[in-house]
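Q: Sharing the record's features from TrEMBL:
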DOMAIN    1-106  domain 'Ferritin-like diiron'
BINDING   GLU55, GLN88  Fe cation binding site
COMPBIAS  106-130  compositional bias 'Basic and acidic residues'
REGION    106-148  region 'Disordered'
COMPBIAS  131-148  compositional bias 'Polar residues'
Amino acid sequence: MASQAEGLLSEECRVAINQIASYELHVSDAYLSMRPDIDNWGTGKQAIESALQLEKALNTLLQELKTLASKNKETNLSRFMKKFLDEQTRNISYLEYQLNYQKDLEKAAQSEGQPEKAAEASETSGKETTSDGNTANLPTQQVPTSAT
């Protein structure tokens, strides 16, 4: 199986794919460390900022792989990477939207002189009660997607 894959992609592309897979594992570990353990991960805004930074770094690696695939005339990989990058761009846009929402909540709370209300609003935003009485996290608004 490995010899079959070796003939399909250039060495540069295989190395880049392995680098991305390794980085994806790193991102996964970072997200797991952000689980609700208030002593360690800080505010929701800080968690979103960290996630955004990780996703932007991953996006850079993916763009480099797409460029490398184009350079080496790897058409199937190039097409796949375009779809993957579109999804990555949507993820980044959503995190940016959430970060701006958190900042707006903080500004509103500070202008009212009640910073603790921003945290409460942040925790309850996007939560809705399901038919079985449990709470579900749902997006509060649609994030505009870029038409590229």
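Glycine residues also receive a Cβ, built from the backbone N, Cα and C atoms like all the rest.
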Q: Helix, strand, coil: count each for the residues of the domain 'Ferritin-like diiron' (1-106), based on DSSP.
A: 94 helix, 0 strand, 12 coil
Q: Across all chains shown, how many C-beta atoms besides its own are within 10 angstroms of the C-beta of GLU55 (Fe cation binding site)?
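A: I count 18 other Cβ atoms within 10 Å of it.
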Q: Determine the mean pLDDT over the domain 'Ferritin-like diiron' (1-106), rounding to the nearest whole number.
A: 84
